[in-house]
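Asks: Shown below is the structure under consideration.
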């Protein structure tokens, strides 16, 4: 039996869209802008790292292939931030439910600022030392990024009204697209500036291969990584000015007066604290059970399985494509051979490719989701997104040899996989866990779901690194064993997307419902309520019987 909602929570659910909604979107969204920039900018500098710290030996048969990191180093540099993100999502998700969303929110941002700067200042007398330092700081950078996922999603869901809640949460996540786009743009600007100021030569010049990599090229990757601290630093003050969410203050901290005061300032409306009503509300059995209980398993076990598994499957595909775009573009010949470019030119061309894909596929997909998520629902968007990802993966992979001679159509279709990932599960897997779980477990469950996603990203990052290698040893990169090639890797990703459609059926549709209605927190399980409900039903039945 549903019971009446607290006045302050009902006001939030039914509030008209106001300035504070957009302020919250920008403040939370800038965190995600930074997250995406920091996670994906590494993909445009890994080949430069290979040229600087692991140049081909003069007598090696791979002397014509500069810019290749040994597999262990490449896996570590690319994947260590994802590992840190996974642990950060679990830790800060739990901490957000224990200490409050706001108290933890600033800590994650400080960690991101410091580690972005420290990543660019990585040091060491030898290549191994520099890479170890870089990996150390990128792990903790990822740890801070991980905290942003459950906290931003939970804060936005608890601030939003039920009519446009999906759009607001999706808009926060959509800032990730701008972060990826900015990573490409910063790479373009920095590499173009260095190339303009320094005369460089292709690696296969007739004078000396070392002329393709002037000493100052080391600054390029450092500046690109350090830029991630800028948007985070710009947001810190405003993030600290945000009040704690009313749902945390009332339902978890059990401070009805403080919740009413905070929301009165936000909504410019006075509220009755309703302390007696809140006390009864939080004592109901539906507001008492914990995460590791049979009651949670009964109410939300399948929901958590659905959100976590869908995010896991989605990120295998999404991060494989994003982190290893350079492998795909090289395989189809869209990028020139590495030997025909200088190190800085290679950064420029990789940045250009990332910018074009983000501009044409990634960013539009996010914002189409923002427009339609509250009109057609989360469930439909997730299903159709997985469906079209499957279709385009198969369309790219099965006739892969055909696309070697038709590069522009390939790039268009490849961009469409990003479009439907973002107008699809990449957005909805972020939105859904912030809506369907109880307030006292919301940040924790979102952190678990997000961590499952990052586990998928790690599988994608490490798996695609090796699987995308050509199957013929003679064409292989140094130190790498033969893989299944880009073609079959794309087909495998198609099957993974197909499996994501299946697990979407475990997730409910939250569209148009309050958070308490979705989580079951407004169910009155008391004996008096049940007896009262039974008496009401009996009375209604008696009134239908003629005397």
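Using N, Cα and C of the backbone, Cβ positions are placed for all residues, glycine too.
Automated prediction, rather than curation, is the source of TrEMBL annotations.
Per TrEMBL, compositional bias 'Acidic residues' is recorded for 518-533. The feature domain 'Major facilitator superfamily (MFS) profile' is assigned by TrEMBL to 24-512. TrEMBL lists 514-547 with the feature region 'Disordered'. Residues annotated as transmembrane segment in TrEMBL: 20-48, 68-92, 104-123, 129-147, 168-194, 219-238, 355-373, 385-404, 410-432, 444-466, 486-507.
So that I understand the layout, could you describe where these features sit and how close they are to other parts?
Replies: Below 8 angstroms of C-beta separation, residues 67-69, 74, 77-78, 81-82, 85, 108-109, 112, 116, 138, 141-142, 145, 148-149, 152, 155-156, 159-161, 164, 168, 171-180, 182-184, 186-187, 217, 220-221, 224-225, 227-228, 231-232, 234-235, 238-239, 242, 266-267, 322-326, 338, 343-344, 346-347, 350-351, 354 of the same chain, each at least six residues beyond the ends of the transmembrane segment (20-48), sit close to that stretch.
For the transmembrane segment (68-92), the residues of the chain that approach it from at least six positions outside its boundaries are 38-39, 42-43, 46-47, 49-50, 53-54, 56, 62, 104, 107-108, 131, 134-135, 138-147, 149-151, 319, 323, 443, 447-448, 450-451, 454-455, 457-458, 461-462, 465-466, 477-480, judged by C-beta separation under 8 angstroms.
Residues of the same chain lying 6 or more positions beyond the ends of the transmembrane segment (104-123) and with a Cβ under 8 Å from any Cβ of it are 31, 34-35, 38, 88, 92, 95-96, 129-131, 133-134, 137-138, 140-141, 143-148, 151, 155, 221-229, 232-233, 235-236, 239-240, 242.
Among residues of the same chain six or more beyond the transmembrane segment (129-147), those with a C-beta under 8 A of the stretch's C-beta atoms are 34-35, 38-39, 42, 49, 53, 73, 76-77, 80-93, 95-96, 104, 107-112, 115-116, 118-119, 122-123, 228, 447, 450-451, 454.
Residues 21, 24-25, 28-30, 32-38, 40-41, 44-45, 152-153, 156-157, 159-160, 216-217, 219-220, 223-224, 227, 231, 322, 344-345, 347-348, 350-356, 358-359, 362-363, 365-367, 369-370, 373, 422, 427, 430-431, 434-435 of the same chain, all 6+ positions outside the transmembrane segment (168-194), place their C-beta atoms under 8 angstroms from a C-beta of that stretch.
Beyond the ends of the transmembrane segment (410-432), by six or more residues, the same chain brings 149, 153, 166, 169-170, 173-174, 177, 307, 310-311, 314, 317-318, 321, 328, 332, 334, 356-358, 360-366, 368-370, 372-373, 378-379, 381-382, 384-386, 388-389, 392-393, 395-396, 403, 449-450, 453, 500, 504, 507, 510 to within a C-beta distance below 8 angstroms of the stretch.
Note on the transmembrane segment (444-466): residues 71, 74-75, 78-79, 82-83, 85-87, 89-94, 96-97, 146, 149-150, 153-154, 291, 300, 304, 307-309, 311-320, 323-324, 327, 429-430, 432-434, 437, 480-481, 483, 489 of its chain, located 6 or more positions outside it, place their CB under 8 angstroms from a CB of the stretch.
Same-chain residues lying 6 or more positions outside the transmembrane segment (486-507) and placing a CB less than 8 Å from one of its CB atoms are 302-303, 305-307, 309-310, 313-314, 316-317, 320-321, 327-328, 331, 378-379, 382-383, 386-387, 389-390, 393-394, 396-398, 400-401, 425, 432, 436, 464, 467-468.
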